[in-house]
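Per Swiss-Prot, the features are as follows:
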- C78, C81, C144, C147: Zn(2+) 1 binding site (BINDING)
- C89, C92, C133, C136: Zn(2+) 2 binding site (BINDING)
- 1-41: transit peptide (TRANSIT)
Amino acid sequence: MNSAALNARTASVAPQPQACHACKCRQLLSRRVPPAQRQVECSAIAPETLQDIIVGGAVVGAVSVALYAGLKKDPVPCSLCQGTGGIRCFACGGDGRNATVSRDDLYDSKALGGGVAPPKRDPLGRTINPRDCKVCRGAGLVLCSQCKGTGFQSAF
């Protein structure tokens, strides 16, 4: 082949458009698609643009939260418990212990064998201490139902 024929052959072939990234436009640019349909603009978001959108959204969100937190008022004590977080347990008197515990309550009566019987356990396998007050669970304090023991009213 001479160079004139080679130049004429390459001049008649249009340059192939390049796909921007891995999306559907890559399939449309294949040789199987007729040239009239190959002229397509990709509407997909480039990865760099997507990253800019995510970072920008995170910055705007962080600034919004900081501004909102700065606009909050001073905490107000709970109106129900007057800021104490709860009341002293009425069942144990704030002690957290149950004074009336029998020997049968301490150990499982179904255990066989001599010696000391194993302690009672709840369904999750945790040891139950029968000396703890059942109302306050050994804390000596019943938490306020309005503030959940924080002593302050909800600011939100």
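Keep in mind that glycine also has a Cβ here, set from the backbone N, Cα and C atoms.
Feature annotations (Swiss-Prot) mapped to structure.
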| residue | record | Cβ neighbours (10 Å) |
| --- | --- | --- |
| C78 | Zn(2+) 1 binding site | 21 |
| C81 | Zn(2+) 1 binding site | 20 |
| C89 | Zn(2+) 2 binding site | 19 |
| C92 | Zn(2+) 2 binding site | 19 |
| C133 | Zn(2+) 2 binding site | 21 |
| C136 | Zn(2+) 2 binding site | 21 |
| C144 | Zn(2+) 1 binding site | 20 |
| C147 | Zn(2+) 1 binding site | 21 |
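Distance from the CA of C81 (Zn(2+) 1 binding site) to the CA of C92 (Zn(2+) 2 binding site) is 19 Å. Per Cα geometry, C144 is the residue among the binding-site residues C78, C81, C144, C147 nearest to C89 (Zn(2+) 2 binding site).
Apart from the site residues C78, C81, C144, C147, the chain places the Cβ of P77, S79, L80, Q82, G83, T84, G85, G86, L143, S145, Q146, K148, G149, T150, G151, F152, Q153 no farther than 8 Å from the centroid of the site's Cβ atoms, the recorded Zn(2+) 1 location. Rounded to a whole number, the distance between the Cα atoms of C133 (Zn(2+) 2 binding site) and C78 (Zn(2+) 1 binding site) is 26 Å.
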